[in-house]
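S.K.: After the structure tokens below, expect a handful of questions from me.
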Amino acid sequence: MNPCNNITITPEIIAQHGLKEDEYQRILTLIGREPTFTELGIFSAMWNEHCSYKSSKKWLKTLPTEGKCVIQGPGENAGVVDIGEGQCVVFKMESHNHPSYIEPYQGAATGVGGILRDVFTMGARPVAAMNALRFGAPDHPRTRHLVSGVVSGIGGYSNSFGVPTVGGEVNFDKRYNGNILVNAFVAGIAKTDALFYSKAQGIGLPVVYLGAKTGRDGVGGATMASAEFDDSISEKRPTVQVGDPFTEKCLLEACLELMELGAVVAIQDMGAAGLTSSAVEMGAKGNLGIQLNLDTVPVREENMTAYEMMLSESQERMLMVLKPELEKQAAAIFHKWGLHFSIIGKTTDDLRFRVFHQGEEVVNLPIKELGDEAPVYDRPWSEPVKKTLLKAEDVKKVENLGDALLTLLNSADQSSRRWVYEQYDTLIQGNSLICPGSDAGVIRISNKSKRALAFSSDVTPRYCEADPYEGGKQAVAECWRNISTTGATPLAATDNLNFGNPEKPEIMGQLVFAIKGIGEACRILDFPIVSGNVSLYNETNGGAILPTPTIAGVGLLSDWSKMVTISGMQNGDHIILVGDCGSHLGQSIYARDILNIDAGAPPPVDLQLEKRHGQFVRDVIHNGFVHAAHDISDGGLAIALAEMVIKAGKGIKAKLSNKSPHHAELFGEDQGRYLLAVKPEALNNLKEYAQTHAVSLTELGQVEGDSLNIDGIFTLSVESLIQAYENWFPKFMGEE
């Protein structure tokens with residue numbers, strides 16, 4: 001008798017597995033008996049939020065997922081979008097929040113490893129990575145340790161694997177003190193006629209284990225990722241996986257070689273819930289059963305139980321359904337790369353998930369109910385209470401607006417992230433055109449192609465807290481804007497929805513309205529969601545994170561030689577504001593960090609205006625009218641002007657329109673706006689083009705001198721701006 005299956009199932013054990021009483025009763029009804037301990041673990045893993053999306057699936061179905069360039073939407077390992085010339089971009093963003101809080105280095109590293117596998121499992125070679133990171137308050141005793149560990153883990157894995165990090169975000173807020181967020185994005189390039197999917201096909205075909213050996217690391221990781229934290233957090237350290245980027249690199253090359261051979265029927269990486277999830281997903285999608293023999297699984301630890309082998313989340317592993325006639329050639333490829341290749345089972349026609357260990361059947365369950373027919377909830381939700389818009393006149397104007405700008409540039413959220421991204425290899429593969437520190441990262445598709453891909457990741461959690469619907473819209477719109485500032489056409493997006501406990505109606509309401517806002521923005525901006533991830537129960541001792549629906553997007557440049565950057569402005573260029581002058585100070589960085597107030601509604605997002613302005617900006621870039629472009633977001637016009645000055649090392653002399661109070665015009669965070677550095681000879685053409693396309697422009701000034709001079713308000717030298725901007729992070733990390 002398998003030792004773990006001698007364990008009596010008690011209410012305590014059921015609760016430890018994250019299953020509710022009604023869910024356990026459903027299991028009893030489904031299988032007509034009490035589950036074994038291993039079967040209970042399998043149900044726990046497959047029915048938790050991390051794998052089943054049981055609280056969010058109803059609402060995720062409302063998102064737009066189709067488009068003229070979409071090849072594969074949600075439901076596969078990653079989304080796939082056509083980029084022409086027989087090629088496609090494969091991409092996804094996924095969270096590794098809970099593990100990264102428990103063990104920051106390995107949690108973040110294996111988050112990168114997992115998303116890399118999601119992409120190359122489909123036949124794509126990874127070409128770009130991003131990460132969106134949220135940490136607690138800078139003065140919290142764990143924050144610096146977590147920042148150091150997470151950044152080191154991301155760099156350690158992605159640098160060793162050999163994928164450039166081209167962008168990302170880092171923010172701080174006390175609401176993340178007990179639950180940091182680590183959202184990792186990877187994109188790869190594949191041939192459109194050589195994509196590989198996870199749907200198993202054919203009866204009696206071998207199921208093959210590929211990659212590294214199985215250990216006890218990560219056992220129960222998927223269940224842990226679907227639960228709130230409490231004071232026992234340190235006890236969960238063993239549920240964090242350990243990664244090896246060099247093995248992953250070998251796995252990439254072996255998989256791509258195997259795919260070239262034509263041996264793959266279906267393939268799935270072993271991520272959350274490990275062998276259980278990969279086997280169940282492949283079988284359930286293909287309406288087939290799967291039978292496994294654990295005696296043939298390569299293990300690195302002695303006396304592993306069936307429970308441990310089925311739920312281990314050891315890294316750098318794949319599961320494949322193989323064409324049997326190519327077994328010898330396939331095995332030779334993996335052995336050449338120093339990886340394990342073991343036939344551990346077969347496909348069957350009985351829709352059962354059966355597992356054998358030491359001559360005993362330890363699992364016999366219906367595969368569809370484990371997989372795509374897992375429970376789905378329509379949880380109660382309450383509509384978020386909307387805040388009223390703040391009038392600029394009701395927000396205090398500080399005496400020295402220049403000092404306010406310097407304070408913001410030297411703050412946790414607005415300062416340079418150079419300390420972070422200089423730990424990442426941003427140039428490996430040799431195709432990076434725009435590196436971190438700009439609105440979007442850009443890479444060439446190849447050194448023989450004029451085409452390039454642009455990437456951005458965005459969300460403003462404080463907006464989402466104040467109004468989840470507008471916050472969801474704004475996250476999409478800002479990502480779309482950032483891609484547009486390079487001249488790239490936004491193609492599609494992936495979402496990473498990070499929220500608290502969905503069993504609380506107010507939290508579920510945040511999720512519902514954020515998804516509604518995301519959906520509306522994606523529909524109007526023609527920016528479909530093709531993949532994604534939901535991370536719930538981001539709470540510690542009942543305190544939830546800020547609602548954080550991260551949006552990462554991809555755009556296409558048909559000719560990268562026409563691309564512009566934030567830093568490209570030249571002396572004599574005209575600085576033009578696209579859109580109206582600032583007036584909205586509700587939920588602004590100015591209100592929060594200068595006045596220490598949290599009040600008012602976030603700025604509303606006019607999606608039709610966003611669409612018109614974005615198309616205009618892309619057109620004038622393609623027409624060669626501008627040297628530089630930058631979107632206006634956190635901190636408003638003042639921060640955007642300062643960032644252009646800092647990046648270019650050149651001054652700007654500008655004058656406000658006086659349509660709003662000075663503090664509102666400088667720091668208002670009105671949406672749908674851009675700054676352009678326009679070539680002098682192109683100014684009239686730009687104005688005419690704006691007039692014919694109903695786009696509002698304001699001439700602010702010109703590029704000149706060595707200071708940011710806002711006429712009659714403040715003059716700040718380029719050097720003082722750079723010093724304020726660059727000093728905060730190194731000082732915070734104790735390097736000054």
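Here the Cβ of each residue, glycine as well, is placed from N, Cα and C on the backbone.
Copying in the features that Swiss-Prot gives for the protein in this structure:
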ACT_SITE  His50  active site
ACT_SITE  His96  active site, proton acceptor
BINDING   Tyr53, Lys92, Asp495, Gly532  ATP binding site
BINDING   Glu94, Asn533  Mg(2+) 1 binding site
BINDING   Ser95, His96, Asn97, His98, Arg117, Gln241, Glu313, Ser314, Gln315, Ser535  substrate binding site
BINDING   Asp118, Asp269  Mg(2+) 2 binding site
S.K.: Determine, to the nearest whole angstrom, how far the Cα atom of Glu94 (Mg(2+) 1 binding site) is from the Cα atom of Arg117 (substrate binding site).
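M.R.: That comes out at 12 Å between the alpha carbons.
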S.K.: Of His50, Asp269, Glu313, Gln315, which recorded positions come within 10 Å of Lys92 (ATP binding site), going by C-alpha to C-alpha distance?
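M.R.: Checking Cα-Cα distances against Lys92 (ATP binding site), none of the recorded positions falls within 10 Å.
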S.K.: When a 10 Å sphere is centred on the Cβ of Gln315 (substrate binding site), how many other Cβ atoms does it contain?
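M.R.: So the number of other Cβ atoms within 10 Å of Gln315 (substrate binding site) is 29.
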S.K.: Tell me, if you would, which residue among Glu94, Asp118, Asp269, Glu313, Asp495 (binding-site residues) has the fewest other CB atoms within 10 Å in the structure shown?
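M.R.: Across Glu94, Asp118, Asp269, Glu313, Asp495, these binding-site residues, the one with fewest Cβ atoms within 10 Å is Glu94.
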S.K.: So if I measure Cβ to Cβ from Tyr53 (ATP binding site) and keep only same-chain residues at least 6 apart in sequence, which ones fall under 8 Å?
M.R.: Leu60, Val534
S.K.: Please tell me which one of the recorded positions listed here (His50, Asp269, Gly532, Asn533) sits closest to Arg117 (substrate binding site), measuring Cα to Cα?
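M.R.: It is Asp269, whose Cα lies nearest.
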S.K.: Out of Glu313, Asp495, Asn533, the binding-site residues in the record, which is closest to the residue listed as 'active site' when you go by Cα distance?
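M.R.: So, of the listed binding-site residues, the one sitting closest to the residue listed as 'active site' is Asn533.
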S.K.: Taking the Cβ of His96 (active site, proton acceptor) as the centre, count every other Cβ atom within 10 Å, in any protein chain shown.
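M.R.: Looking across every protein chain shown, the total is 32.
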S.K.: Going by DSSP, give the three-state secondary structure for the residue listed as 'active site'.
M.R.: helix
S.K.: Tell me, how many other CB atoms lie within 10 A of the CB of Asn533 (Mg(2+) 1 binding site), whichever protein chain they belong to?
M.R.: 23
S.K.: Ten-angstrom check, please: count other Cβ atoms within 10 Å of the Cβ of His50 (active site), all chains counted.
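M.R.: 26, counting other Cβ atoms within 10 Å of His50 (active site).
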S.K.: Rounded to an integer, what is the Cα-Cα distance in Å between Ser95 (substrate binding site) and Asn533 (Mg(2+) 1 binding site)?
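M.R.: Approximately 7 Å lies between the Cα of Ser95 (substrate binding site) and that of Asn533 (Mg(2+) 1 binding site).
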S.K.: Find the shortest Cα-Cα separation between Gly532 (ATP binding site) and the binding-site residues Asn97, Asp118, Asp269, Gln315, and name the residue that gives it.
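M.R.: So, spelling it out, the nearest of the binding-site residues is Asp118.
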S.K.: For the recorded ATP site formed by Tyr53, Lys92, Asp495, Gly532, name the remaining residues of the chain with Cβ within 8 Å of the site's Cβ center, in chain order.
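M.R.: The surrounding set, listed in chain order, is Leu60, Pro74, Met93, Glu94, Thr494, Asn496, Leu497, Ile529, Ser531, Asn533, Val534.
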S.K.: Which residue, out of the binding-site residues Ser95, Asn97, shows the minimum number of other Cβ atoms inside 10 Å of its Cβ in this structure?
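M.R.: Among the binding-site residues Ser95, Asn97, the sparsest Cβ neighbourhood within 10 Å belongs to Asn97.
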S.K.: Let me know how many other Cβ atoms fall within 10 Å of the Cβ of Lys92 (ATP binding site).
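M.R.: For Lys92 (ATP binding site), the 10 Å Cβ neighbour count is 28.
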